[in-house]
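As recorded in Swiss-Prot:
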type: TRANSMEM; residues: 16-36; note: transmembrane segment
type: TRANSMEM; residues: 61-81; note: transmembrane segment
type: TRANSMEM; residues: 104-124; note: transmembrane segment
type: TRANSMEM; residues: 132-152; note: transmembrane segment
type: TRANSMEM; residues: 161-181; note: transmembrane segment
type: TRANSMEM; residues: 190-210; note: transmembrane segment
type: TRANSMEM; residues: 242-262; note: transmembrane segment
type: TRANSMEM; residues: 286-306; note: transmembrane segment
type: TRANSMEM; residues: 341-361; note: transmembrane segment
type: TRANSMEM; residues: 374-394; note: transmembrane segment
Amino acid sequence: MKLLYIFEKNIILRKILITFSLIIIFLLGRYVPIPGVLISAYKGQDNNFATLYSTVTGGNLSQVGVFSLGIGPMMTTMILLRLFTIGKYSSGVSQKVQQFRQNVVMLVIAIIQGLAIAISFQYHNGFSLTKLLLATMILVTGAYIISWIGNLNAEYGFGGMTILVVVGMLVGQFNNIPLIFELFQDGYQLAIILFLLWTLVAMYLMITFERSEYRIPVMRTSIHNRLVDDAYMPIKVNASGGMAFMYVYTLLMFPQYIIILLRSIFPTNPDITSYNDYFSLSSIQGVVIYMILMLVLSVAFTFVNIDPTKISEAMRESGDFIPNYRPGKETQSYLSKICYLFGTFSGFFMAFLGGVPLLFALGNDDLRTVSSMTGIFMMITGMSFMILDEFQVIRIRKQYTSVFENEEN
């Protein structure tokens, strides 16, 4: 009874235990095999980028299982829905309608990705349409289960979907440790050391920019003492965080799923395979597109996380203002310039730090997996701060009690 009382009263302990339990379920599901599939003969194991993408999105294509799709379908859905609902179009749509749209789009995307992966399987007693559809259905179901687990964690635990992705990436990087030692023994000592040093520098810069902020002076009408001179609006230097990396991999991988399906339908058409170079990190075209997408998404996520329109409207309603800028459109324009400035800065810095190792490893299949390590750990660093910030909010909230609760005591 005492343990139950502690569990009910200690919100931090309760959230940690719930999150830990959901992580265990998530990790176990990654290794639940799909019936009828020859795991040892899975062709996708040779696709380094597909394996990397599955790791980034919480999946596992190195050893195919029920959760192999990860949260990839949900992330692709969020990107598409955001592209088609830019501005205030979705503001008047009910939550139920938005959820329905998201589920429908996610179902279509999950089927496309599931079919592309299931086609790469080898099956017991040969291939059949029934086995293909069954494997696809299981993969799609696994994607929805992961989405459900992430939503449960967001409501009852902490870290939401982000902590599942971080755990998946950490597990994937631990699996790469034997490969790093093997490359070190095969004569790649200098390359491995340079990659590790570059990754450490990138993580240090990521932490520095993550905790740096630009302070915009704000005149708050509700403050009438000496604190009015100290009021400011903090703008993070790296407002996009580590999310841009994850969405870049999503945008690069989804066309590859389409190409896999088209290649299975038109196996004699050589032009289909040639398009794959534009979305693969093993080609110069793919790396350049990767760096461009990193820049674009960094700017986009800066606007999403700061939202100059919403901030300017809130300031106008409260009577607050930025010195030398009129409330409304002028304030919004000023904040938009700040977003462009820092979004472009963080985009260039992340594209450079994440892209240089990929360029260095071009043409070398052995170093390709290790070269992506910098981007992965930058992503882990950025997402870890998001989780820590949420934990800090919960901890601070726990220090305050309800007024009515104090009166009862």
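Count begins at 1; order follows the chain as displayed.
Note: Cβ is positioned from N, Cα and C throughout, glycine not excepted.
Under 8 Å from some Cβ of the transmembrane segment (341-361) lie the Cβ atoms of residues 191, 195, 198, 201-202, 205, 209, 214, 235-240, 244-245, 281, 284, 287, 290-292, 294-303, 367-368, 370-375, 378, all in the same chain and six or more residues away from its ends. Most Cβ pairs within less than 8 Å of the transmembrane segment (104-124), among stretches 132-152, 190-210, 374-394, belong to 132-152. Contact between the transmembrane segment (286-306) and the transmembrane segment (374-394) is absent: fewer than three CB pairs lie under 8 Å, with pairs separated by 6 or more positions in sequence. Taking Cβ pairs closer than 8 Å, the transmembrane segment (61-81) reaches residues 26, 29-34, 37, 39, 42, 44-45, 47, 50-51, 53-55, 101-102, 105-106, 109-110, 113-114, 117, 121, 138-143, 145-147, 150, 161, 164-165, 168, 172, 175, 246-247, 250-251, 253-254 in its own chain, all 6 or more past its ends. Counting Cβ pairs under 8 Å to the transmembrane segment (190-210), the top-ranked stretch among 16-36, 161-181, 242-262, 374-394 is 374-394.
Here the transmembrane segment (374-394) has long-range neighbours at 11-12, 15, 52, 55-56, 158-160, 162-163, 165-166, 169-170, 172-173, 195, 198-199, 202-203, 206-207, 210-211, 238, 241-243, 245-246, 350, 353-354, 357-358, meaning same-chain residues at least 6 beyond its ends whose C-beta is under 8 angstroms from one of its own.
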